[in-house]
């Protein structure tokens, strides 16, 4: 998407430079942004950060031990011609399927953006580094909340307290935290 001519033309216009100049600078800018990612997108790895995150979720929703809310979203793109069919999602549009985890403040703490749109959310989670870390016990009693219908493990809970009804605050965390982060 960013490498397409229309993005570059618009970006060049906004930046006040030519499209070829924009195209030449784009890889350098993207590399710089990728280099900054570990400083700004970081799952709570220290006990102090984990306690802060758990407390934040508990104050909002009443859910104990929650380290993040997880969901996937589809980002539309023009697919590579040779593998076009892999990028077609269930809505028959082309996309990549991006998994994101956010904290109680709606800040992204983990992201996986490498799978084509045909890949199911639960596959992405099962094959993610974050899942492996949970399976290895790195996060103790920490949990993720999400709505994966085909995957329920001790790590990922769609309803960690077993409630059949939700308070308005719990519904907010369940539905809106990730929606706001994906905008």
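Glycine is treated like the rest: Cβ placed from N, Cα and C.
Unlike curated records, TrEMBL annotations are generated automatically.
Over in TrEMBL, the protein carries these features:
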type	residues	note
DOMAIN	70-135	domain 'DDE Tnp4'
REGION	160-183	region 'Disordered'
COMPBIAS	160-171	compositional bias 'Polar residues'
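As a summary of secondary structure, the domain 'DDE Tnp4' (70-135) carries 20 helix, 26 strand, 20 coil according to DSSP. Taken together, the residues in the domain 'DDE Tnp4' (70-135) have a mean pLDDT of 94 on the 0 to 100 scale.
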